[in-house]
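Per Swiss-Prot, the feature transmembrane segment maps to 30-50, 53-73, 111-131, 134-154, 180-200, 284-304, 308-328, 351-371, 374-394; the stated evidence is sequence analysis.
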């Protein structure tokens, strides 16, 4: 037993040390300053919106859905490694202390998003709930903590199943149950909430019984752990080089016509390589598309001010540009690129050419969203602000960043 606990403590210390190392680079970045200003602006807008909530706004449903998303995303960090399939497999019968510690750590470490959302939702709760008090909200928060534990246990039980459809069904059922029970809890309709709680208890008993007849899925847990680490590495790689990051590429043959737009010339060597990496890597094109869609929707359905629409547009483009910074070093592992008869200045020029093209397309789409929300004035503000950022600010800023990290 002590050996398994020692292994867990060693893994946990290693995990925390690695996380702190990368967080040091992430939190020291200028991006934090931008985020602070953005959060300050969002807080100001939120406080004004709370004072004048539209009568038709479904406040209880919105709170229930947002909390359900956080609760349903529960999981257990086992910190298992690929080698454990060989060295710890013979000790499977003695893994219980290790897994209990993993469960406790996962529960505590995942409380931060729940606490943060609870703080953000508190003004909305008091604004729309008749007779609301700190005691009533504290009662809601206690139930959120219990629901978090229930979701984590249920997710853990599904890891013993081989059927992927059952795992998908588990997520759907848990999300629906969380949403319903919280909708009733926020309105203090505990008669219906109790009924949902009973159903959730039955589901817990069923999944616990089903899990007892299954074995521990080593491959599945190790794969899940590696996937979560790679997800963190991808985020950290936006700020510093991460040697453990595994690159993934997708064919995307339907985008080949864009590659044909790059002239077949020696001076366009890196232009072709950067374009190919941008289109086929799982990191770059996806980031551009996701951020464009998310911020465009925020602008269209939240902002009616031309200035706010322009600020959101510039912020989205800045965030996207920063996250595309690792593209410049995408081929650093290829030693042969040093032999290419192409000057380094040409490589930098090719990178900025692609970056400006991609961000200009994003800026145009975001400006259209600004026009939808704030008219022609919003369109012009967003377009002008984006142009200054893309063609003046970002090139200078990113050149400095590349020199700082020894890329130039």
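For all residues, glycine too, the Cβ spot is worked out from N, Cα and C.
Note that the structure is a prediction, hence the values are computed from the model and not measured.
Outside the transmembrane segment (284-304), and at least 6 residues removed from its termini, the chain residues within Cβ reach (under 8 Å) are 45, 252, 277-278, 312-313, 315-316, 319-320, 323-324, 327, 358, 362, 365-366, 369-370, 372-374.
Contact between the transmembrane segment (53-73) and the transmembrane segment (180-200) holds: at least three of their C-beta pairs are under 8 Å, each pair 6 or more apart in sequence. Residues 31, 34, 38, 41, 45, 237-238, 274, 277-278, 281, 283-284, 287-288, 291-292, 295, 298-299, 348, 351, 354-355, 358-359, 362-363, 366-367, 369-370, 373-374, 378, 381-382, 384-386, 389-390, 394, 398, 401-402, 407 of the same chain lie 6+ residues outside the transmembrane segment (308-328) yet bring a C-beta within less than 8 angstroms of a C-beta in it. Beyond the ends of the transmembrane segment (374-394), by six or more residues, the same chain brings 303-311, 313-314, 317-318, 321, 355-356, 359-360, 363-364, 366-368 to within a C-beta distance below 8 angstroms of the stretch.
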